[in-house]
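According to Swiss-Prot, the protein carries these features:
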{"type": "ACT_SITE", "residues": "CYS241", "note": "active site, nucleophile"}
{"type": "BINDING", "residues": "ALA119, SER120, ALA121, PRO122, GLY123, SER124, LYS125, GLU143, ASP170, ASP188", "note": "S-adenosyl-L-methionine binding site"}
Amino acid sequence: MVQLNQNFINTIAQELPAHLSMDDFIAACSRPLRRSIRVNTLKTSSEDFKRLMQPKGWTFEPIPWCEDGFWISYDEEEQLGNALEHIQGLFYIQEASSMLPPTALFTPNADWQCVLDLASAPGSKTTQMAALMNNQGLLVANEYSASRVKVLHANVLRMGASHCALTHFDGRVFGEYLYESFDAVLIDAPCGGEGTVRKDADALKSWSLDEVIEISETQKALIESAFLALKPGGSLVYSTCTLNRHENQGVCEYLQQTYGDAVQFESLSQLFDGAEKATTPEGFLHVWPQIYDSEGFFVAKLTKTRSVPRLQPEPKLQKNFPFTEASAKQAKAIQAYFADDLGIELPDDLIMVRDDEFWLFPHEFRDFIGKMRFQRIGVKLADHSKHGFKVRHEAIIALAGKALKAGAKNGAKVVEVSDEQAKEYLMGRDIPLDTAGKAQGEVIVCYGGAPLGMAKHLGNKLKNSLPRDLVKDKVLLLPPQA
């Protein structure tokens with residue numbers, strides 16, 4: 001049973017729009033959330049994914065504000081996170097309302113090349129934006145919590161997002177270190193989580209207005225930092241999964257009061273069919289749970305109309321960046337290895353070298369070298385030794401899919417496996433082959449045309465090369481439905 005604190009109810013009763021009823025709000029908070037997922041278009045299309053899953057009993061209801069988002073229903077009670085298709089990165093389990101902020105930032109005419117996600121983990125919005133950018137440009141994903149950075153990186157890797165750079169900082173430093181550097185910024189701010197009560201019945205049990213006001217002060221500092229990091233003419237989206245005005249409208253009003261006409265609010269009333277039901281007088285989206293039968297959420301969009309003064313002197317550039325750009329000879333060698341041995345044509349990105357490691361960075365990252373310390377940049381392609389190159393798993397996941405999808409295998413050694421074999425592979429086991437043949441060495445293991453990783457073809461079996469930290473204890477095969 002959902003626990004709604006009486007002080008919270010009293011506060012919401014004063015803020016709830018006149019056309020909505022408190023009884024409907026409480027009833028909506030008491031209902032379980034509908035299951036929702038987002039198809040990962042970096043690896044598949046929504047139509048192909050539906051064709052794959054409908055025989056397994058899935059039904060799909062489109063989410064109005066996300067072209068590749070769906071409410072789903074199916075008979076299985078198992079955890080979807082263990083599903084083979086989820087481990088492959090074909091979809092992300094994402095609450096419908098949380099798909100709103102990237103949609104608001106990436107309206108049809110947006111062509112953002114440098115984007116900041118200020119509070120990224122676990123990665124739902126980061127990977128949604130990576131898909132909207134189609135792995136072009138640069139997406140800087142920041143997370144303050146060290147443990148959550150690991151989760152963020154795992155999801156970025158699983159979804160094949162190759163143009164991300166991960167950072168681990170308090171979001172309040174970005175306005176200083178990366179002043180007016182980004183075309184667009186998303187800040188899904190840490191918040192009181194009032195909108196999440198449908199999946200966490202105790203979320204509001206100890207709610208207090210004092211805590212709300214304390215959180216809002218942090219949010220004001222974060223939105224100001226995000227605004228300072230935004231280029232003039234750029235767009236900023238501020239969102240929370242909470243419902244009170246202090247953390248939502250109040251934070252946006254603070255920014256406008258601080259920077260005046262440099263802050264121009266943009267109306268989201270036409271963002272999707274039905275958006276007007278949740279639009280505030282300022283043009284923000286205040287999604288109460290009963291409006292769309294979803295989590296409660298808040299989304300605001302603004303444009304930075306002009307440059308504003310920085311608050312701190314420009315920091316000195318950091319020295320000793322550990323990567324150097326590959327020489328023409330090095331670049332040619334790694335390109336030939338990927339093309340000849342793997343059938344993968346490397347994208348026209350920056351090939352970088354650190355010791356014996358070869359990496360692929362977005363070109364846009366050049367402008368950020370020395371300005372801030374990054375935890376992870378782009379994709380690690382391969383290690384080099386006297387025996388030659390050894391491809392890295394993340395490169396196969398991020399880059400092989402496009403080659404296979406286009407049918408451009410170019411003589412690559414690819415082994416397509418069954419669902420049972422895919423399960424065994426993801427659990428770290430070797431795969432016996434029905435017919436013994438000539439050993440082929442390193443091969444790309446695929447299921448349903450999408451790469452799972454690498455293996456060594458020994459003639460009578462595939463010797464598993466999946467990194468140990470990616471081995472699963474359980475893999476769920478969703479059965480066909482009668």
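Just so you know, the numbers here start at 1 and follow the chain as drawn.
Cβ coordinates are placed from backbone N, Cα and C, and glycine is handled just like the others.
Taking the features listed in Swiss-Prot, we show where each one sits on the structure.
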| residue | record | CB count, 10 Å |
| --- | --- | --- |
| ALA119 | S-adenosyl-L-methionine binding site | 22 |
| ALA121 | S-adenosyl-L-methionine binding site | 22 |
| GLY123 | S-adenosyl-L-methionine binding site | 27 |
| LYS125 | S-adenosyl-L-methionine binding site | 26 |
| ASP170 | S-adenosyl-L-methionine binding site | 12 |
| CYS241 | active site, nucleophile | 23 |
Quiz item: Given ALA121 (S-adenosyl-L-methionine binding site) and the residue listed as 'active site, nucleophile', what distance in Å do their CA atoms have, once rounded to a whole number?
Solution: 14
Exercise. State the three-class DSSP label for LYS125 (S-adenosyl-L-methionine binding site), counting H, G and I as helix, E and B as strand, and everything else as coil.
Key: helix
Exercise. List the Cα distance (Å, whole number) between ASP170 (S-adenosyl-L-methionine binding site) and the residue listed as 'active site, nucleophile'.
Key: 20
Practice problem: Determine, to the nearest whole angstrom, how far the Cα atom of GLY123 (S-adenosyl-L-methionine binding site) is from the Cα atom of the residue listed as 'active site, nucleophile'. | Solution: 15
Exercise. State the Cα to Cα distance, in Å, between LYS125 (S-adenosyl-L-methionine binding site) and CYS241 (active site, nucleophile), rounded to an integer.
Key: 13
Quiz prompt | Rounded to the nearest Å - Cα separation of ALA119 (S-adenosyl-L-methionine binding site) and CYS241 (active site, nucleophile) | solution = 13
